[in-house]
Amino acid sequence: MSGSSGCPFFLWGLLAFLGLALVISLIFNISHYVEKQRRDEIYRYSDDYIPRVDEYYVEDAPIYGNLENIIPEPLDENCYEQMKGRPQRSASDPQEVAAPAQVPAEAQMCYASLDHSVKGKRRRPRKQNTNVSDRGKDTQVYTMDANVSQINMVESFPPDNQVVEESIHDDPARLFGLIRAKREPVI
């Protein structure tokens, strides 16, 4: 052949290799498609197969299947513990129905107030930025004596006041207010 043939030999080799790869890929895709169609025909006719009794296995606690063969047991709904709540009242008891309306609004409020008016809000006083060294030792001794006297007063109360103390713990806002008041130093 002449030296001006147009395409070098390696381009013809590359073109032949790509053509061969295309033919092989086409053969694999066609065989995969035929195999898939044959499997679908097998699965279509599998519903006609009836298993023998010993082949059918029913699980004790099935997750997804075998639910149609299980006989439902009668449920006893009294086995659950009743929640602690207000008992249901009948319409024939007018005294009990009117009783919650007589309770003040503060007693019914549990945790958060929904009143967003400025009138009801109180600001906390700003903390003073004085160093402990600036205060005299007398004020520290006085606060320690006051705390000891408060502890002694609490212990000296008779048992009748235990009801008042327990009611303080029922109201979290009041309890935290008392704790904050005890922590702030007396000036």
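Backbone N, Cα and C define each Cβ position, glycine as well.
The structure displayed is predicted, hence computed values, not measured ones.
Between the listed residues S46, S117, S156, S167, Swiss-Prot assigns phosphoserine to S46, with no corresponding entry for the rest in that record. Record note: among 48-51, 80-83, 144-147, 80-83 is the stretch given as region 'Interaction with PIK3R1' by Swiss-Prot. On the 0 to 100 pLDDT scale, the topological domain 'Cytoplasmic' (29-187) averages 62 in this prediction.
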